Amino acid sequence: MVIRKFFGVILVIELIVNVFRVADGLSMQYYLISCPFAEQIVRNTVTRALQADPTLAAGLVRMNFHDCFIEGCDGSVLIDSTKQNTAEKDSPANLSLRGYEVIDKAKEELEKQCPGVVSCADILAMAARDAVFWAGGPVYDIPKGRKDGKRSKIEDTINLPAPFFNASQLINMFGQHGFSAQEMVALSGAHTLGVARCSSFKSRLSSLDPNLDSDFAKTLSKTCSAGDNAEQSFDATRNNFDNLYFNALQGKNGVLTSDQTLYASPQTNRIVNGYAFNQAKFFFDFQQAMLKMSLLDVKEGSKGEVRQNCHKIN
């Protein structure tokens, strides 16, 4: 009887482990034993930061995306340049990234509680997730246990989608990472948060763009009159995670070429209309796509490490 109970307990434990195990050594409850308050510490840090500056929600989500699309979700975007190496963060595509201080603060708190346990890559992924929820977006979870990468090079950022890409180029680039056209549009919906700088859309104003509403073109021109760093919101609620971004595209009020092309292209027009009509559908597809993105090129074992300082390789 004792033996039967013993094996019964073992079976239950195995079932629990299998439920939370995802892939590549990751699991939803990776820090349950080694750092049980890890998620709470990250969430509290993000909440305090966003209460002080709501615009950082967009910054954290964007940083997570720029991290995962280069060498996978491995915190490589956090590494500082050195005399011997120019890192990803100093690429023109990354110079406007914001929120590094939030990751640093969370790392500092975690090192006090569980030194050498929680990776910077996991902190960034969790912070982006918590920022989406704080801004009114969907609740979703991601597996933890990814290790920090040991490479960060400026030349790798050529693999980031450019603001002038058309739908075919976007579908191709996202497809290289295993995403469908629908998942690409869902992830693009993260532009419901934040702003774009004039330098990334002013080329649309130099000639007549049939996919740009004439009144909105005047708005963009007025924004750019303040210089290349002047900011334009992607939609009317820059700090709220909703589906107004897709409504804007329907009105030809997309800020970037890579935004408006989603509505202009027959390949993605139907998806945009669906998300504009049904926010719940957008939220569901977004959370599924974010979960998928969190699994890109995960580092494990000797391929990665847990950095002591998120800004430099150990």
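Every residue gets a Cβ built from N, Cα and C, even glycine.
Around the Cβ of HIS66 (active site, proton acceptor), a 10 Å sphere holds 19 further Cβ atoms from the protein chains shown. The active site, proton acceptor annotation in TrEMBL covers HIS66.
The Cβ of ASP74 (Ca(2+) 1 binding site) lies under 8 Å from the Cβ of ASP67, ALA121, ARG146, LYS147, ASP148, GLY149, ASP297, VAL298, LYS299, GLY304, each of these being in the same chain and 6 or more residues away along the sequence. As annotated by TrEMBL, Ca(2+) 1 binding site applies to ASP67, GLY72, ASP74, SER76, GLU88.
For PRO161, the entry in TrEMBL reads substrate binding site. Its Cβ placed at the centre, PRO161 (substrate binding site) has 18 other Cβ atoms within 10 Å.
With a cut-off of 8 Å between CB atoms and residues at least 6 apart in sequence, the same chain places PHE234, ASP235, TYR245, VAL255, LEU256, ASP259 near HIS191 (heme b binding site), listed in sequence order. Residues or ranges marked as heme b binding site by TrEMBL: HIS191.
Per TrEMBL, Ca(2+) 2 binding site is recorded for THR192, ASP235, THR237, ASP242.
In sequence order, TYR31, SER34, CYS35, ALA38 are the residues near CYS114 (disulfide bond), counting only same-chain partners six or more apart with C-beta under 8 A. TrEMBL lists CYS35-CYS114 (among others) with the feature disulfide bond.
Around CYS73 (disulfide bond), the same-chain residues six or more apart in sequence whose CB sits under 8 Å from its CB are ASN64, ASP67, ALA121, LEU124, ALA125, ARG146, MET293, SER294, LEU295, LEU296, ASP297, VAL298, listed in sequence order. The feature disulfide bond is assigned by TrEMBL to CYS68-CYS73 (among others).
Under the heading disulfide bond, TrEMBL lists CYS120-CYS310 (among others).
Here CYS198 (disulfide bond) comes close to LEU220, THR223, CYS224, ALA226, GLY227, ASP228, ASN229, ALA230, GLU231, GLN232: these same-chain residues lie at least six apart in sequence, with C-beta atoms under 8 angstroms from its C-beta. Here TrEMBL flags CYS198-CYS224 (among others) as disulfide bond.
The domain 'Plant heme peroxidase family profile' annotation in TrEMBL covers 25-314.
If you look up TrEMBL, you'll see ARG62 marked as site 'Transition state stabilizer'.
Note: the Cα of GLU88 (Ca(2+) 1 binding site) and the Cα of ARG62 (site 'Transition state stabilizer') are spaced 14 Å from each other. Using a 10 angstroms CA-CA radius around CYS120 (disulfide bond), none of the binding-site residues in PRO161, THR192, THR237 qualify. Listed in chain order, the residues near the Ca(2+) 2 site other than THR192, ASP235, THR237, ASP242 are LEU193, PHE234, ALA236, ARG238, ASN240, PHE241, ASN243, LEU244, TYR245, each with its Cβ within 8 Å of the site Cβ centroid. In the shown protein chains, 27 other C-beta atoms lie within 10 A of the C-beta of CYS68 (disulfide bond).
Calculated from their C-alpha atoms, the gap between THR237 (Ca(2+) 2 binding site) and CYS68 (disulfide bond) amounts to 26 Å.
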